[in-house]
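Engineer: As annotated in TrEMBL:
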- 8-208: domain 'Phosphoribosyltransferase' (DOMAIN)
- Arg80, Arg105, Asp132, Pro133, Met134, Leu135, Ala136, Thr137, Gly138, Gly139, Ser140, Asp201: 5-phospho-alpha-D-ribose 1-diphosphate binding site (BINDING)
- Ile195, Gly200, Asp201, Ala202: uracil binding site (BINDING)
Amino acid sequence: MSSLQTTVVDHPIVQARLTVMRDETSSNAEFRAALREIASLLVYEATRELERADVPISTPVAPTTGTAIANPPLLVPVLRAGLGMAEAAFNLLPESQMGFVGLARDEETHEPTPYMASLPESLAGRPVLVLDPMLATGGSLLHCLHLLASRGATDLTVICALVAPEGHAALGGSGLPIRLFTASIDERLNENAYIVPGLGDAGDRQFGPR
Ligand code: URA
């Protein structure tokens, strides 16, 4: 049974940064800055329910009880495009650890080709935040999510700047419990599996064409 919970963060700042990302006249630097800001805002929304722990501290004035993050999530950018979200997530969650999954997209078949996974062996009991700017067909992201689930992860949150309805349906049909935070669910995929209207190739827009 699927349990996909989707939150579209329709906040004016998020939508303004998304517009910079969509605009074909934005430079690589402008695109990267907008992606970083969207990543921060989506991660902020996605972490509202993180488990807290009380910590006794003293201010210069009096003893009090503060808050710590009890079980910091593992951050997993999906390479290469997810790299542009990694620093923003780490800045918000410096107590977290980071793992990496590398997936290349075959431009003919649109199938994901894995080329690296650097993750803890066991993810049991650990929340995981997956960072990937684009959810297109869902192939890459599902590959990554099944890999995380095979290592015991059951608390999976996905952060995507943009989502296609086709990829959204694929996640929904996966049978995995997933929380998804995005700035937009766009219209559709085109014949090359690019999101429409989308923003082009999120890797090329950040780092330049291959
Ligand atoms: N990946 C991208 O970078 N862009 C798309 O539109 C689809 C997949």
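Here, residue 1 is simply the first one shown, and the rest follow in order.
For all residues, glycine too, the Cβ spot is worked out from N, Cα and C.
Where the annotation comes from TrEMBL, it is an automatic prediction and has not been curated.
Computed from a predicted structure; not experimentally measured.
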Engineer: Measuring Cβ to any atom of ligand 1 with a strict under-6 Å cutoff, which of the binding-site residues Arg80, Ala136, Gly138 qualify?
Structural biologist: Ala136
Engineer: Counting other Cβ atoms within 10 Å of each Cβ, which of the binding-site residues Gly138, Gly200 scores lowest?
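Structural biologist: Each of the binding-site residues Gly138, Gly200 was scored; lowest Cβ tally within 10 Å is Gly200.
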Engineer: Translate the DSSP assignment of Asp201 (uracil binding site) into the three-state scheme.
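Structural biologist: Its secondary structure by DSSP: coil.
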Engineer: Give the residue from the binding-site residues Asp132, Asp201 that has the most other Cβ atoms within 10 Å of its Cβ, counting over every protein chain displayed.
Structural biologist: Asp132
Engineer: Go through the binding-site residues Arg80, Asp132, Met134, Ala136 and tell me which ones have a CA within 10 A of the CA of Ile195 (uracil binding site).
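Structural biologist: Of Arg80, Asp132, Met134, Ala136, within range: Met134, Ala136.
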Engineer: Roughly how many Å lie between the Cα atoms of Arg80 (5-phospho-alpha-D-ribose 1-diphosphate binding site) and Ala202 (uracil binding site), rounded to a whole value?
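Structural biologist: Computed Cα spacing between Arg80 (5-phospho-alpha-D-ribose 1-diphosphate binding site) and Ala202 (uracil binding site) is 9 Å.
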